[in-house]
Amino acid sequence: MRLLREASKLGPRLLQYNGVTRNKPLSLAFCRHCSSGIVPNERIRNIGISAHIDSGKTTLTERVLYYTGRIAHMHEVKGKDGVGAVMDSMELERQRGITIQSAATYTMWKDTNINIIDTPGHVDFTIEVERALRVLDGAVLVLCAVGGVQCQTMTVNRQMKRYNVPFLTFINKLDRMGSNPSRAVLQLRSKLNHNAAFIQIPIGVESKFKGIIDLVEERAMYFDGEFGQSVRYDDIPAEFRAEATDRRQELIESVANSDEILGEMFLEEKIPTVADLKPAIRRATLKRLFTPVLVGSALKNKGVQPLLDAVLEYLPNPSEVQNFAILNHENSEETSRILMKSDRDSSQPFVGLAFKLEAGRFGQLTYVRVYQGMLRKSDYIYNTRTGKKVRVQRLVCLHADIMEDIEEAYAGDICALFGIDCASGDTFTSKSNDNLSMESIHVPDPVISVSMKPTNKNDLDKFSKGISRFTREDPTFRVHYEVESKETIVSGMGELHLEIYAQRMEREYACPCVMGKPKVAFRETISNTAPFDFTHKKQSGGAGQYGKVIGFLEPLEPESYTKVEFEDKTVGTNVPKQFVPAVERGFREACEKGPLTGHKISGLRFVLEDGAHHMVDSNEISFIRAGEGALKQAMEKSTVCILEPIMSVEIVAPSEFQGPVIAGINRRHGVIVGQDGSDGYFTLYADVPLNDMFGYASELRSCTEGKGEYTMDYSRYQPCLPSTQEELINKYLEATGQLPAKKGKVKG
């Protein structure tokens, strides 16, 4: 303790301890345990910082680490010193000024341990946000005061809803020209359907932004000192008192609508005290019935400390979040959900989820969220998917790319293991007979593909090593070899996603790559129900092959266009039950290549109603072939159409360029779904086929004199235009040397 007291006097200067020079202050930020033992759940928060690209997430995280004593000096994302933010540890991130991988850290604020994951804002890296939100208890949604709710904000909102994550909203960049926090809150309500209200309002905006008003405590807050590190409280300025009173009343009404206790006080016309209001905000936020809105400017060092206070006051600790594991019963397809116990001791068996893999300097690094029990260094744990027993050789907690060894981790902790062979989404337990798995991470399907090959044929070994590592790390990065064209095809979430992997291949494996033209992940489907009655027979002397299947194919609803489903409606033993999985396997294998253009078949259901088998000749391979043949037969009887991915596109540009921008979207077969305008700028929302979006960045720069910008996010699949379908079929026929007359019929 004496050492810590002396260290605190030194502040951010270099410290020497046991002969080691540190460039960070020795502070309680490094302390994960209190004097009585283990940090209780009440003093732990696991949060993520998520937002649309360029909303200021990484800058905000940098300020959080500085004010909590975790780092000694702040650096900007694109600062003149060229150092870059601490959380952007990858060289490509510092070079481009964007976050590519989610980065984890932890810090202390008012004796509470806060684990933070800073996530990317670009739609191409959406899997990083997906798996971060899967393992976090709460989140901070950052909005730009100028842009408000944007494309990726909507995606993050859907992800938070999927995993039931409570969150605060922080409206950032109030110092920017055109900032309008009130508009951002209205968009939270109208676009995202949240019961949102200010718990703080700014004292001025743009160049007049001086501080914030706390509506709960009814006081003004100013941030003094060179880096805003000193918070000064004062009375609310006279010119803002009326607005503060109105906004506080609006806050009380919003919370009263979602909290029973405050609602009763509101009906009885009682004025709630701070002691009444804070617990009510917390209760409503934890149930996702209310969204507290805070304001500030991370770049100008204003509003960050009150945000940290709000994380402690309004976001849940691990014991307040229910996490379930799926128990698979032996000899049965039935499953049951088991509630994980968040006690921070060794009384319960260990259960953890590997949510992210990364190749570090010392081998594979596996990020794990501990959901139950305790994990010690040197413990043996079991991978429930593979059944393999592995030893925890090294246990670390992470601060961006800096690792700190720890001896143990408890329920509620986020840590990392070395040397563990696993895949993203695997569950680990301390018992070998546990047939448990944590509820899985949603992995979106890739929407774009390109061919990739090393520039030098001698680098094939390096290329295959890099591809192997990247596919293990990122479930949205897929690779397959195309036999017809003899090319390696990589698929991902967008052009930037695949471009980053090509650059990483050169930087990390010294293997420069050549990329082909992007290819869109089209799908094929049917537009009407079609029956099948297919018999597979093969006689070659001795035991032959025989399998007969009867049923029908039917199209799925548009929201299920990326799925294929199988339904067994057989009664009796005409198709023995042991052969039904073989029929499904044959059907799914045949869905890999459609009849029109060779793209995957999806958006349909295979319903098996009846069939026949032979006592001697029927076997598994017979019914696999029968399943394949049944699909082909039914598709020949049905009308086949091609599906294409549609992107939600958001374009922001000066108002004088509105005409050319709209004309450009119309040329690309886009459908305009909405429009906003303010302060000389307009925002256009449109649904555009991904196939028509290639090269749009340069067109937008050209028609707006470099002043326009756009973002896009995957929305859905829908049938493409007849002209597009005809063009795709002709290209496929040319590539395969077939004649159009031999092809299946075309829709429309």
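Here the Cβ of each residue, glycine as well, is placed from N, Cα and C on the backbone.
Note that this is a predicted model, so its numbers are computed, not measured.
Annotated in Swiss-Prot:
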BINDING   51-58, 118-122, 172-175  GTP binding site
DOMAIN    42-319  domain 'tr-type G'
TRANSIT   1-33  transit peptide
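Mean model confidence for the domain 'tr-type G' (42-319) is a pLDDT of 84. Around the Cβ of A51 (GTP binding site), a 10 Å sphere holds 28 further Cβ atoms from the protein chains shown. Other Cβ atoms within 10 Å of the Cβ of T119 (GTP binding site), summed over all protein chains shown, number 28. The most crowded of the binding-site residues listed here (D54, K57) is K57, judged by how many other CB atoms sit within 10 Å of its own CB. According to DSSP, A51 (GTP binding site) sits within a strand segment.
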